Amino acid sequence: MEFFDVAWRLLVVMLAFLVLPLLVGQAEHKVMAHMQGRVGPMHAGGFHGWAQLVADGVKFAQKEDIVPAAADRRVFQLAPAVALVPYLIVLIAIPVAPNGVVGQVVDAGIFFVLAVLGVGVLGQVMGGWASANKYSLLGGMRTAAQLMAYELPLLLAAASVVMASGTLSLPGILDVWQWWWLPWQLVGAFVFFVAGVAELHRPPFDAPLAPEEIIFGPLTEYGGLRFAFFMLSEYAGIVVISALTSVLFLGGWHGPFADQLGWLWMLLKTAALCFLVIWMRVAWPRLRADQIQRFAWTCLVPLALAQIALTGVVKVVFL
Amino acid sequence: MGLPGSGLAKGLAITLRTMTRRSVTAHYPDVQPELPARSRGVIGLFEENCTVCMLCARECPDWCIYIDSHKETVPATTSGGRDRSRNVLDRFAIDFSLCMYCGICIEVCPFDALFWSPEFEYAETDIHELTHEREKLREWMWTVPEPPPLDPAAEEPKEVGSARKAADKLAVQLAEQLEQEQLEQEHGEAAEAADPGTPGAGTPGPAADSGAAEPPTTDRPEKPERPDRSEPSDRSDRPGPPEDRRQGREGEA
């Protein structure tokens, strides 16, 4: 029984990992198109281009696997996997519905999740270093700098929630979550979400990729399936960051009829945040590398510290 | 620039508003475009009007019009008259791989033998196929739309003016003839009448005159010498492919 239970949970997590990023990618195609007065893909699959990403995947799979002659071969080939797998592992720890509907209950879940998330970014740094390409190197350096800058506010904002709930376990946090945590942790939510988007190098924080400037940075030399893995990791990252934000700050499965519809609330909140990520990409221009650094250190870090102070005061004085 | 971040909010608002509106994408292969009148798609040849004057071929900046012809002699119609010679068109082709759609040939044609058609879907996989021979150019004529109506208070087209002049002249002639006949009749019936022609002779038939002035204004054609007016032209089905259209016409005929 134990074995089948674990296998069943892992299968579902794997399925979610394969399906949700594609849904987000398709949503990005369509939402971005309509926000720009276009219609986006219309032909693949027949109905409003629903199979566009499947078609893309088939195309990627057909391409030749090229490693530049001067590249650090092993590191270059390993980088996409390092970028992609951590998001799969993070998904295991994210609770979807009450009463233990989660891939695996991890006691120090928040530590686990944030540590593994940081590994994902390393994949891009590896790719940037191993490509033997100056643009990739520039992008890799920017990636590393961005990782350093935004990991701190991300951790501080998460720490604020941990302080409020008094537990490191993600399902544990949701068990004690109350609706008034929303305004209480509002600043923390902002910091966490923005820092998460910045770690994914999504616009407006995509200076490390910057196709018009340093031609996709760490991904310049990648093609075919490896490039597809990097792309998939980006969208898996959107799913993970949105899910984590909704678990930590928006109450995850909390909502009317949470016992039956908890998973639906969780999905809806995650989807809304994914939409926000796409929306920001369409509406806002790219920040320069120095602007990204300044935003992290002069804006997000002080805000996160202020949130921790507020959490501490409320916790000590009122609870 | 008011509050910091108001520009970001504006960007979000604009994109969201755009998302709720209809997209402007033209779904071309699925939906045919609504082309404006006088679109320059392809050139049709109304070969019945062509006199092989070669003006189009000579004015063409790309030299993409090919014309071959020969002379035929038409025997004199009256005895003792002179035989007439006449140009007969053997080949008329336009190479649309060279054509730059300037429309000079159509402008320059003095006999209204060339017309713009809005049809544009005649891409080929072989460049030689883009040389449309006379039969094909004649087929394009079926797709030439009726010219759009003139702007309100626009100057009257020259051909309408000349047509009216001719019609007026004809009407006056007709009226005079009628009058003449009437007079002769009256003379024949009442030869003893003293002054027969008073009603008609003083003013040359006011009734007849007004009647003569009427036809050109009421039922004058917009462009009398437009050759395709004899065809029942309905503009609603203009963007349809020429084959369908042709079949439809053959069905009608």
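Heads up, the Cβ atoms here are built off N, Cα and C, so glycines get one too.
Database features, via TrEMBL:
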- A:6-25: transmembrane segment (TRANSMEM)
- A:78-97: transmembrane segment (TRANSMEM)
- A:109-131: transmembrane segment (TRANSMEM)
- A:152-174: transmembrane segment (TRANSMEM)
- A:180-198: transmembrane segment (TRANSMEM)
- A:227-251: transmembrane segment (TRANSMEM)
- A:263-283: transmembrane segment (TRANSMEM)
- A:295-318: transmembrane segment (TRANSMEM)
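The transmembrane segment (A:152-174) and the transmembrane segment (A:6-25) are not in contact, since fewer than 3 Cβ pairs between them lie under 8 Å (pairs 6 or more apart in sequence). The transmembrane segment (A:180-198) makes no contact with the transmembrane segment (A:6-25), as judged by fewer than three Cβ pairs under 8 Å among residues 6 or more apart in sequence. Note on the transmembrane segment (A:78-97): residues 9-10, 13-14, 16-17, 103-104, 106, 109, 112-113, 116-117, 119-124, 126-127, 130, 170-171, 174, 218, 222, 225-227, 229-230, 232-233, 236-237, 239-240, 243-244, 247, 252-253, 262-263, 266-267 of its chain, located 6 or more positions outside it, place their CB under 8 angstroms from a CB of the stretch. Between the transmembrane segment (A:109-131) and the stretches A:6-25, A:227-251, A:295-318, Cβ pairs under 8 Å are most numerous for A:227-251.
By number of Cβ pairs under 8 Å, the transmembrane segment (A:227-251) is matched best by A:263-283 from the list A:6-25, A:263-283, A:295-318. The list of residues near the transmembrane segment (A:295-318) in space but at least 6 beyond its ends in sequence, with Cβ under 8 angstroms from a Cβ of it, reads 146, 149-150, 152-153, 156-157, 159-160, 163-164, 184-185, 187-188, 190-191, 194-195, 198, 287.
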